[in-house]
Amino acid sequence: MRLSLTARLSITFVVITVACFSVVGLLLFKAVSRRVYIHDQTNIMLDARHLRRLAQELQSPADVVAHQDRLIALMLGDQANGLRVIDRGGRVLIDRVPMGYELPTQPVVPADQRIVPASIRSWKDRDGNEIRGVATAATLQNGESVTIAVARSLADRTALLARYRSDVSLSLLTGLLIAVLLSYLLVRRALRPLRCMAESASAITAQRLSKRMPLKDAPAELLALATSLNEMLARLEQGFARVWQFTVDLAHDLRTPIGNLRGANEVALNRQRSLAEYEALLGSNIEECDRVSRTIESVLFLARAESPQFALQRIALDTAQELHRIADYFEGLSSEAGVSISVAASAKVYADRDLFRRAVNNLLSNALRYTPRGETIHLQAVECEQGIEVSVDNPGPGIDPEHLDKLFDRFYRVDRSRSDSASSTGLGLSIVKSIMELHGGSVSVRSTAQLTSFTLHFPQSPST
Amino acid sequence: MRLLVVEDEKKAGEYLKKGLEESGFTVDIATNGVDGLHNALEEDYALIVLDIMLPGMDGWEVLKRLRAKRDTPVLFLTAMDELEERVRGLELGADDYLVKPFAFVELLARIRTLLRRGPPRDVEHMHIGDLEIDAIRRRVRRAGQRIDLTPREFSLLQLLARRRGEVLSRSQIASYVWDMNFDSDTNVVEVAIRRLRAKIDDGHEVKLIHTVRGMGYVLDLEHEGE
């Protein structure tokens, strides 16, 4: 069974309340009965001592009978008390037992022995009520000995304690009812912000991702939860927007070459053309197909890079050798653009060779596009505290700060109208970012008015 | 040489047949797995091009049953670029694979490589018209005239010469010459070819390096369409 938080908390409160009440009630009851017990014990003991002392001042049994009122007065007239004095012959000298219970006269505390609480005995009368009492011997002035028995019926005490017990139980029950009601109401009230949050959360759907949890009335404990939920929602909303934008951009990117294909073919078929024209058309068709293939390949690469099964083949790469190889690959292209490429590297990097080359390749081809004639692009690899940093620095017009953080987004082009979109898929930098994430690293970009610098951060290799 | 192409898509089958026949092969087409397996077992083919997604019996099954009886080289075509797919195909006994969409010249090159069985021999001296390539001393002469090439230019020329008459795609060239095994959106290869061509062909009547538009480059004494 799934218990609501309200029920759980209420039950907990009630259990605690009942436990406290019960313990307190029990302790109070114990304390009271203990007090009563000690009080009675002391009274019986003192009465017995008193009576013995008085009796020992009297001359003879006859004197005892004569002074019986004095002796009886010592018992304070309580109906529960009883007194019997008998002489050695078993003759009853005083018999004052208002409630009529038995007063055994054995065992007897000898006349010269002190009466202590331990001397007091306990027995039951005919009705099952407890009686406590003590019998003691007293030596009269004429040397004769009498037996004095003192007792007290505890019937009234039992009744008192029983009443007390039922009073305590009743207040316990009342307290319990109040506790149940109060804890339910209070807990419900305390948890109201939680219910409000649940209601707000259920109003958020894929179509209404811009909704947020209200933070205004949230108590401190829920504020952290609501805040992180809101942050999660913001990330989700961003993710949704990105996927949406990605879909739109992908469709647009595919529409352009397909439009070109269709248009060029339609125009060509419109009338008879020369063989050379047909050949040119077919060549151009293949170029458009290549463009679509490249976009698809890039999109698939990005998708695969996000799957946890992507297998990296990491090896220790000599960055100097790799960067020289890439510089060499670009040599023709860069010298046509009047740009030189310098390499300064000494570090080893633990990375997948093809992916490393692909990342640097993308950065370098990007740099080459923006470097003015006569300038130099610097490829560098240095070891730093966090790992290896590979950077591609190019002089040239800087990138506006507003573009910097979006630069690695898919299909993001600084200048949407750029005509070189035919040669670049707009996915190059996203692929760099993906490659770095696969390596547990990152890519960053800095740009001033004179210099743009992309840096690949590879984490420290596991062997060092 | 006789090839079998097992491909259910009509257009694809047609262009494969046409392209391969024009490259000097005799081509049979099977449009489903069952016919494909039957043909492959009954006839003697030099090589089989096998699509994986086929009606009747898929390519895996065809490959498995074929391998139980014959070891005709098989090149499989897959639309799924997943590593497991490729590994599975090679484990079942395929000799090579291509991911769709592929460049036709790429297919042609793979088929030729499989049929050659082994890498192209390193020829010490190659003569193409008045072009001489000395692979040992890495020297090149045209009409007796020494031509200075950078190491990369030499590798590029050597590749084209070894594969004389064969169209090589840009990605093939990037992979062989620079060991760059991914599709780049730069025109590095174009520029390299242009520079090599300037050194080899400029000032000569007969051009040796030809561009096949949209497909790639070829080195030969003459090439159609130029």
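Note: Cβ is positioned from N, Cα and C throughout, glycine not excepted.
As recorded in TrEMBL, the features of this protein are as follows:
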- B:2-115: domain 'Response regulatory' (DOMAIN)
- B:ASP51: 4-aspartylphosphate (MOD_RES)
- B:123-221: DNA-binding region (DNA_BIND)
- B:123-221: domain 'OmpR/PhoB-type' (DOMAIN)
Mean predicted confidence [pLDDT] for the domain 'OmpR/PhoB-type' (B:123-221): 88
Structural state census, the DNA-binding region (B:123-221) (DSSP three-state): 34 helix, 24 strand, 41 coil
For B:ASP51 (4-aspartylphosphate): DSSP state (helix, strand, coil): strand
